[in-house]
């Protein structure tokens, strides 16, 4: 079952039916890590911001560990597949269970004084060796993970250790690589230095033992591949001329005899070891976003699985065929739902716009990116900044971003074909049919047919918008709701609704347009739009502890879903106003959007970059019967 997990032993809600997680964190000129579960190579894991993402490359099932408070820099499965160790930018190491629903935390220690670069498990899943920035201390450390005790002394490096590997068979050995151009070999346990060399002439980026432990391969920014004897650490061979740029990562195939490398020359290659022949070359494109920055070997039939600079994941079934997994790199800031097609659209802090659909009714959502627009080189984003609002019309998606423009994307082709200048940053938006209203700091702009139809100046800053038919409502920064009548060439204000105790940050009409839900800094209120906006619910739905960022009505009009920056998802019932359903920790860092896709299913998005589906039907029927 898909799940979110915290640093504490919290069993995930059974209502959480699927998660579509964010893509790996990437940076130009730096290798990115991805690895597999030794017991089931269909499962891969990688760091993504402050999270550890675990996903199945066949079924799209996934789960996310959310226990770190700073960016995760490395993560690996234990060799028995029961645990995961992860290190972060503060030097903390965490170990947590991977084979239980609660994914319980087993260990948290300050392993190094600075960021952890890499880690490796021993073959018995008892010890973990960590490499990174030790400050004035050691840059490599090995611990017995269930006690936290040290398993040796790791001298030899005078700069940050970049990579480490552990021989899985007796006699146990460890090799580390560093920014000091050296590889250091350790024997034990207890481990102590047993040799070192400087056959690299630049940073050592990755070192890995072969599956049988007989060989070690190191790669570096000097474009060299070095091969060492596995038991003694003796240097056997240097392979050059394979890549034209720095080599970021190296991974052995399970059967040994060949490795997968990824390089700054934009390629991934399969190379025989020790021969050094290039068996396959993979080039995923010439654009900056398609540069290969990391990889591993995954699947029951071992295949290269690589990360590009855009974070996109590629399963390379042949040099010309690839299965691609898209997503967001960063938080999801906006979302919209097209009921006729069942498609969800999202906009992210990365500037991307994605459409999400389900291959089967029971599978997780998978995404397709919009193309065109700003076409940012690093990630092919359609906006040059965060996508703060998103609306779907009859045939297009209208997204507004911090590049101060609204872009029009065709829903069929996901090609961005139009651009409208807003003259300022978008604050909120709402739509009905083909009419989209976008607010900037002091104006409301009506967009139809790919252009601005009219602009209305306002004397407040808009926080939220909802549209139904010819009625437009806005929430302002003075705790009021403004009601407008849409006309052919403008809007006329008809009413100002007062009563909220905080700024109104979210608004939503029910399907018929007869009821309006409004959320402020802690309370959801319901207003009767068909009766001069008289209050229907007041003072009862105030269990959010901070700003309410999204509201959605069920098709039947009986239930309202709300999400907020307090990480909570609530379900409310008009007939049972004193009852509520609460799903805590829905998205770490806060929720940003919610839609009710059909009665019984709610989809949420948030700062964690995840799109989560909740099967709430049974609990709704039980709670509000």
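Even glycines carry a Cβ here, placed using N, Cα and C.
TrEMBL entries are annotated by machine, without manual review.
Residues 1-39 are the range that TrEMBL records as region 'Disordered', among 1-39, 40-78. Taking DSSP states H, G and I as helix and E and B as strand, the repeat 'WD' (197-238) has 0 helix, 22 strand, 20 coil.
Same-chain neighbours of the repeat 'WD' (497-528): 430, 463-469, 471, 473-483, 534-539, 541-553, 555, 557, 560, 562, 564, 570, 572, 574, counting only residues six or more beyond its ends whose CB sits under 8 Å from a CB of the stretch. For the repeat 'WD' (65-96), the residues of the chain that approach it from at least six positions outside its boundaries are 4-7, 25, 33, 35-40, 43, 45-52, 54, 103-125, 128, 130, 132-133, 143, 145, 168, 585, 588, 608, judged by C-beta separation under 8 angstroms. For the repeat 'WD' (541-572), the DSSP counts in helix, strand and coil order read 0 helix, 17 strand, 15 coil.
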